[in-house]
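According to TrEMBL, the features are:
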| type | residues | note |
| --- | --- | --- |
| COMPBIAS | 1-10 | compositional bias 'Pro residues' |
| REGION | 1-22 | region 'Disordered' |
| TRANSMEM | 31-53 | transmembrane segment |
| TRANSMEM | 101-123 | transmembrane segment |
| TRANSMEM | 135-152 | transmembrane segment |
| TRANSMEM | 164-196 | transmembrane segment |
| TRANSMEM | 202-221 | transmembrane segment |
| TRANSMEM | 228-250 | transmembrane segment |
| TRANSMEM | 297-319 | transmembrane segment |
| TRANSMEM | 331-349 | transmembrane segment |
| TRANSMEM | 355-374 | transmembrane segment |
Amino acid sequence: MMIPDPPAHTPDPEPEVAPAHPHPRVSLRSLLLAFLKVGTIGFGGGMGMLALLREEVVRRRRWIDDGQLGVAVAMGQMLPGPFITNYAQYIGYGLRGTRGMALAVVGLMAPSFVLMCLLSWLYGRFGEVPVAARLFAGVQPVVTGILVWATVGIGRVHLRNRRAFVIAAAAFVALWFRVDVLLVVLGAGLLGIVLSGAWRRLPAAPAFLPWLLPAAVSAPANARALELAFVFLKIGAVVFGGGFAAIPFIQQEVVDIRGWLTATEFLDGVALGQMTPGPVAITATFVGYRVLGLPGALLATVAVLLPSYLMLFGLIHVYRRIRNHPLVKGFLAGVMPAVTGMLLTAAVYLGRAAIHGPAAAVVGLLSLALLLRFRIEPVWLVLGGALVGLVIG
């Protein structure tokens, strides 16, 4: 699954915002089947899935035009969570209201959810078998290379000035010393507002604060299920940047703080996620399965997607007023460099668990070189790493 490179110029068309009433030409069944198709063949993630989505809903079925798709992309990048599910939610809402919005996400995520549950079951049953251990020993350095590649990709876009580098470095240090990810994101966003000078131009209360309330509310949770739900609700509410941006957040919560998974198990989960269609956030399914079985997998998956689903309702109606709001732009200008720093933290931390000798180091560096030079799909590198681990393990 490739992390999407944010477009150099965000589309800025002026078509109508998604209609609130059902589209008369699209049945719910057709909508579900269309997104099931994209979710089933969407290996490559990111821009690969966006291309498939465009082919299906713009070119083949002609449900929307490129202008409306451009608005979906612009709005999707203003929300936390996986970009591709944000796009799907917006399109589904425009075609068939709230039911279309829900079915679009279900169709897009169901194939990767089912496959990840199967892979998680196989991992739990055979993960300690010597042959499987050798396979994953070859895969783990590849995942480290993928994380470094993702860091470079995001950094190229968002580390364009000294201010961005300062925020990225601060986020790296904060996460390294295990500061809560919610505090890191909020701190980076506020720092972005201060350094950009947006606070001087707009003394009124920040328009985006209502978005953050779901992430800021916490209550004591004694049951493991409630704790699991809260963790992924928080991650889903604060992870801007899509794709691999979620990895350091999940790693800190489930490995560093709660110890639900070891670093090695988490690396294996990320690797399995590369073998499924759908967004990188499907790693939440693996974590949930390891913690509470199939109910945990469903709970974690729904929780990580729910915040952006709810936020979209409000965003659709105020989109034109807030997309260029200086406070919103300043907040995101702080968050995105911070994501780069946090990704680097995860790459270093997990790399220490994955690379134990020269052979593993070579596999990791070769994976990184192939990604940077040839943009090979990560799924092929994961399979190649498994083969190397089997041969030389």
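Glycine residues also receive a Cβ, built from the backbone N, Cα and C atoms like all the rest.
Where the annotation comes from TrEMBL, it is an automatic prediction and has not been curated.
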**Request:** Select the range from 164-196, 297-319, 331-349 that forms the most Cβ-Cβ pairs under 8 Å with the transmembrane segment (101-123).
**Result:** 297-319
**Fill in**
For the transmembrane segment (355-374), the candidate among 135-152, 164-196, 228-250, 297-319, 331-349 having the most Cβ pairs under 8 Å is 135-152
**Item:** Recorded stretch, among 135-152, 164-196, 228-250, 297-319, maximising Cβ pairs under 8 Å relative to the transmembrane segment (331-349)
**Value:** 164-196
